[in-house]
Amino acid sequence: MALPSPASEEAEGPCQEANQEYQEPVCSPVPEPEPEPEPEPEPDPEPVPVPPPEPQPEPEPQPLPDPAPLPELGFEAEPVQEPEPTPTVETRGTARGFQPPEGGFGWIVVFAATWCNGSIFGIHNSVGILYSMLLEEEKEKNRQVEFQAAWVGALAMGMIFFCSPIVSIFTDRLGCRITATTGAAVAFIGLHTSSFTSSLSLRYFTYGILFGCGCSFAFQPSLVILGHYFQRRLGLANGVVSAGSSIFSMSFPFLIKMLGDKIKLAQTFQVLSTFMFVLTLLSLTYRPLLPSSQDTPSKRGAHTLRQRFLVQFRKYFNMRVFRQRTYRIWAFGIAAAALGYFVPYVHLMKYVEDKFKEIKETWVLLVCIGATSGLGRLVSGHISDSIPGLKKIYLQVLSFLLLGLMSMMIPLCRDFGGLIVVCLFLGLCDGFFITIMAPIAFELVGPMQASQAIGYLLGMMALPMIAGPPIAGLLRNCFGDYHVAFYFAGVPPIIGAVILFFVPLMHQRMFKKEQRDSSKDKMLSHDPDPNGELLPGSPTPEEPI
């Protein structure tokens, strides 16, 4: 409104001159034709410049286009909105946009996984028969060979657990098919070469190391690949694999005993190696539907080979799970129990042959262990689902207590029927202990770190599991019988059960302490009022004065 005022003053000047010139001719009518000053009102068009000041206020609204770039700044946020990376992530292995076929070719994969589990653990659970055959060969060279011969089967079983963290890395990097096929081929080579040597030290390497490591690399991918083909029916697929492998492995004690009676140990190794050869072919069916994970995000952030190595090392060897005190105690308790866990599998057959010489069907005991172990795996899964939180550990406590007591009961059995009852409980405890291991790991460290927690746990179990059978064999050499050896085998599981008993109590105590600390933090986390603290009893801060 103030801007047009200078223009109005400029307009008044010419108007006054025009009025003065016009008043003079009013007295004389002659100058009427002098309208020529009227053209001078043409300066009136000069008011036409008056609008130019009006555009001057218009430039002020023109800053309004300047805010218009602000949406452009907001528009630059669209790169965050880029959904292009998400399709690449979904196609690269995350299960978000992936729907398994829930059958079809997946049932062939289930059969391959069943063959894998059944053949591997059928041979390892029948190691007691192989141990007796090995002693018969070595007795001619050395009368006190129980300690040395026990290392063969113990090494093979221990390597399955010892290689677990490494196998998970290879499975993630190379995929299930390559890892499983390579592992089955190594297991075949280990078993087949064991038939060409009679040296105990060489069989430490061929059977204990090669066969054991190959079984570890072939076994874990058989469990991972099921998630590529099943999601809604994954429980059914796992149940078929567990039940099928249990039935499959129950036939191995009878088969190995029959082969041992008709042919020698070397030819028995050759026959068993054919199962690994078939497993090598079946592992080729592990066609991954979810590609193996790649490290492109890591490569973007790591420019040197050393940085990439550190990124991968921290990714695969994450030691944060050991910061959980309850996990450390739980892992230590299970590792302690593993010292006596594998002793009955190795020495039971030889003990029965020495004590019950009239019994020829000693392999029935291993069949009983395999049958109830499969039953325990099926039943314990349903029972653990109904038990909330870390109270599942009490199932492991009970299974370890029974396992220790049953191991101590073996020398006290006076007849073969009592041994059958003991073996039935041994297999049941084995099934309960193994099945609920993963759910407990999820409760302790969460789903993001559960796989690493299980891998570290299996690795910790390897050393005591390897050492247990040789120590029992050494005790047999020292005392002349297996009584002390089986008493020794029962002590570590009982100690492990006592340790595990305190894990839920400690976890609950730590949880309550965290709740108290968090409640204190919430009480102290209110923003202070400008005038000071809250008035006692007032729900709101004191208003500023």
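Backbone N, Cα and C atoms are what each Cβ position is placed from, and that goes for glycine too.
Relative to the membrane, Q99 and G389 are annotated in Swiss-Prot as lying on a common side. Looking at the stretches 10-30, 178-198, the one that Swiss-Prot records under the feature transmembrane segment is 178-198. DSSP states for the topological domain 'Cytoplasmic' (437-453), grouped as helix (H, G, I), strand (E, B) and coil, give 13 helix, 0 strand, 4 coil. Beyond the topological domain 'Cytoplasmic' (384-392), the same-chain residues lying 6 or more positions past its ends with a Cβ under 8 Å from any Cβ of the stretch are 326, 435-436, 439-440, 443-444, 503-504, 507-508. Across 207-227, 236-256, 329-349, 363-383, 393-413, stretch 207-227 shows the highest tally of CB pairs under 8 A with the transmembrane segment (265-285).
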